[in-house]
Amino acid sequence: AKCVDIALSSCTDVAYTQTMYPNFLDQKSREVIEYSSEYILISVLHNLLQGECNPDLRLLGCSVLAPQCEKDKVIKPCRHVCENLKKNCLPAFDAIDMAWPYFLDCDRFFAGEEEGCFDPLAKLRGEVAVEEDLPSDLPATFIRFKHHSYSQMVSTLKKTASKCSHIATTYSIGRSFEGKDLFVIEFSTKPGHHELLKPEFKYIGNMHGNEVVGKELLIYLAQYLCSEYLLGNPRIQTLINNTRIHLLPSLNPDGYELAAEEGAGYNGWVIGRQTAQNLDLNRNFPDLTSEVYRRAGIRGARLDHIPIPQSYWWGKVAPETKAVMKWLRSIPFVLSASLHGGELVVTYPYDYSRHPMEEKMFSPTPDEKMFKMLAKAYADAHPVISDRSELRCGGNFVKRGGIINGAEWYSFTGGMADFNYLHTNCFEVTVEVGCEKFPLEEELFTIWHENRDALLNYVEMVHRGIKGIVSDKFGNPIKNARISVRGIQHDVTTAADGDYWRLLPPGTYIISAQAAGYSRVTKRVTLPAKMKRAGRVDFVLRPVEAWPNKLLRRSMEDMYDPYDPLELFDPHAQHRQPEARGGSPPGREKPWWWSYFSSLDLHKPLWLLKQ
């Protein structure tokens, strides 16, 4: 037997190109495999499990049906990969009353690493990147200004984190619909950990798959932060020493792949914008803005930390969207920006109009002054946005200073920026970084230099306003205490360690801290115009016997609905599916999925039926 090219349509995206017949199931040709129940199963698993554990399971099945072949020798897939996947995905099979497929028997068809094996899921994790031949004498500050494929992006982020391992790490917030990890690179003096009073910042790129400039800018920014920190750049060292920075270059890697097929310079305004589920991620978040407008006339109603309505879960929610929402709950983010393309302007909430019928209507948040200050911090540091010429990309916004209220530009619901502001403590703006969504590679160097200082300037804005710790008289931190600013109907809450951050423009404020079971403490605070560091304002709260305010009696621990599906969601696609509908007892009718195999006469997969 010799190695032959893989010609199975469901296995064309494996990380190798050749296989050998017969395979591990003794199927002697491509035709025999294609008409087998095993092959039909891996072809329809995506639908049967509603995207759960896929494409992982399909690639694992391909590694058995069409195993890797090198130099006319077959290589078995690794047993530990099979065991991990079975552990995580078996509940999904149980949920549809299906037995674990016999050909994914980890002991029978897989090998240990000591025997020599390959990881069939390596490509999903970006570990099969083509290494580029670069000169060995390149300077430490070298950045290659190019478009990065998914694998190249992951490889670059991992190499950067390895180079600066004392201040950087990579992690995944979850998986895309097609199973790609949503990789983040983090910079901090204690990577992987929240530090008391150190604010959390994030940049998100490539939310729309065909808007690629933000993705590349964040890959370049990661390399820049690492090399400049090592070189002793005081601005970068100060920034990283005092801030925890998270960069998510690509929120929609599936859409990017589709856009990249069109090629730079040729991509239109639609192809690759949406996810593999055909969802626009910036319309997929809960619409909390409408709820704010509804509550606005109710005396004492809260206009912050609004829970996700149950009706939201009745619609189609992308795994990428759920991953971001879970991420927002796990880290107390203070400031954020999402990088888009197609214009040159900075927009800020609200993105949804106060009047649903008005497509362009100024719709400010209670923090309008702060949001304008944040948007201008990016716009004023960008040489093209701050250029007064109207005959250029973004020229329509010159008279507005290169910034605009989102709903005044055009109104839409389900946006990520409004969700950040209304569900969490995080302030987020949207930066449209250029009129070309997918520019040619030779333009990327110029685009980086136009945006570099603006990107840094915006991160530094996380240190404006006040910060502090809320504790009891014994020094114990109080989690979920509310920090209120008189005249601004939007509170922030303390994190698990009792620390908080409240973004505010210069001025004099009356600030109060309160928590269920404690008396309110109020302080007067003045922030000078030239002050560029957050002022420290701590609060010590004393317990009270009775809590008079009924609106505050409900503990902030109960802020989120206890039945919220997000609490149970595993962003790494290892979560349990809902219980199967009306499971049938043994001996009665076949499960609903049996019809998928109706074309098979003699070889129906009885091994999938639970006994």
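Just so you know, glycine gets a Cβ as well, placed from its N, Cα and C.
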Second cysteine of the disulfide that TrEMBL assigns to CYS106, among CYS69, CYS78, CYS82: CYS82
Cα separation, CYS82 (disulfide bond) to GLU432 (active site, proton donor/acceptor) (Å, whole number): 43
Number of Cβ atoms other than its own within 10 Å, given for CYS82 (disulfide bond): 24
For the domain 'FZ' (1-120), mean pLDDT (0 to 100): 89
Which same-chain residues, if any, lie at least 6 apart from CYS106 (disulfide bond) yet have Cβ under 8 Å of it: ARG79, CYS82, GLU83, LYS86
